[in-house]
């Protein structure tokens, strides 16, 4: 059966391309040039490398389980039916006799040119443990791998393109990290801890705090890379004496800045990734820490397979965030990079299941669609120094229509030299900082488009009439708003000055003595209301009979009562407990006797006529009197059940004066 040419697979590839076109558009940021066109799709390219036998004696006696058919296809025995073989077709197949130069020149070198165009690229080495991934990426001093060869060629390209007289100035920086047990560690700075992976507003993946080293030559690269490589975590297993226990990622960034107008800048990133191999712990014999490391490696590779499947099926959610590895590879798989996957496999028969698994993953990966674009923008300092006036921005005809009547009168008196300078052709380098950034970006892109179509020296405002009208209207609205705010400010200032002048005139014309009553106002206090108090007639007659006697009036004021003499000028404030001292002993005794007679002889109805005595208390008094006999004194009322000492005190205060004067108060 064929894994590359079947009709069903081609249909899946077309469906994946359509799904990536719909789901990847929001993640990729189009190029500044040709913003209306979507980036063209670029499929992930897959190359398979078959390493030779590790033991030559075993290879002489044993036949390999994988056999290459041509430069793009291979076959492997079907474990379900030994009479059949499984066939796979990829972009390139490198047999056991292929060299490091063959792999680099055939698959990796062609993508380096995209970095100089401001696009991203990535190279991934995938495969089981012991299949030769690290050898493919790093190599040896005698046979350098992909990483040293790519850096050597890239630095040579940047020196040629960034030489004096060239339109672009180039700089290269490098960063080196590893993902060990879901921790992002900086290999260039071993003291740094676990780093976080972020995503900016444009969808670019970045790692804050990651060390970046500038490099200008291959010697600079070796000075930083070789010590950092020794910081990578490796360990010995049964299948590999120097097994990589982490995923290593080398990030090379190429920055380009245009020396001439319009001073654009580009940024291209190259990811060189050496993935740790999937491990079968039954064959590797991992225990303790090695077992924990292999668990983290297998988990991240499992998430990587889920991401590839989700991209191929066009699912709405791609699980990039389920692992640090897939989060970092978000740009390489389904993103905006030119990606190359190098699947490393082994010929030994005890690697058969791992080889089949790696080939199946590679066959699914080649269906993933990326959409690379150019990361280009204007340099920040371009918009800084220049300011363009409205007259220079719109030109003479538009500026005349945008000006108001007052400005036209002033403008008619200007010299002719100013109008001549305003009619000159404009350049994209002129001062546009006052404009809307989106409008400026659009105008510059239109200007470059016209220049690319053959309009030599096309001015910035050689745009369609509709674009000019929109620009003119925007500037006019801003100017009108500024003028309106200035007029409002002048009106407020005039009002403040007029108010100050009016206040100063009033101070000069009027005498200052007139204002004295306002400054020193006399506060009139309202006189207290007169109160009429009804007193018992007999008490008034008795007090009036004595010439020196004072007539006392009881006033209830809160918790205190004031005894106010009719002849005294000021009231005398007494405590509430001392009011009985102001009554003559004869009247007090007479009142107490009347209360005692009423308690002993009165009915329940008569008792309710007393203050503080209700129907219930009256019945209690009558019942107590029938059981215990007559009351000997008024204080015996405390013996009645339900009457407390406080109630007794209030009862006496409320009733003794009125009964002493021969008056009975109504029930409360």
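The chain as shown is numbered from 1 upward.
Keep in mind that glycine also has a Cβ here, set from the backbone N, Cα and C atoms.
Of the listed segments 475-507, 508-540, 541-573, TrEMBL assigns coiled coil to 475-507.
TrEMBL tags one of the stretches 352-388, 389-425, 426-462, 574-610 as region 'Disordered', and that stretch is 389-425. When TrEMBL is compared with the stretches 18-41, 42-65, the one noted as region 'Disordered' is 18-41.
Excluding the listed site residues 127, 128, 129, 130, 131, 132, 133, 134, the same chain places 51, 240, 277, 344, 346 with Cβ atoms within 8 Å of the centre of the ATP site Cβ atoms.
The Cβ of residue 127 (ATP binding site) has 133, 275, 277, 343, 344, 345, 346, 354, 358 as same-chain neighbours under 8 Å, each 6 or more residues away in sequence. Long-range C-beta contacts of residue 134 (ATP binding site), restricted to its own chain and to partners at least six residues apart, with a cutoff below 8 Å, comprise 125, 242, 244, 274. Taking a C-beta cut-off of under 8 Å and a sequence gap of six or more, residue 129 (ATP binding site) has these contacts in its own chain: 237, 239, 240, 243, 276, 277, 278, 279, 284.
In sequence order, 49, 51, 344, 346 are the residues near residue 132 (ATP binding site), counting only same-chain partners six or more apart with C-beta under 8 A.
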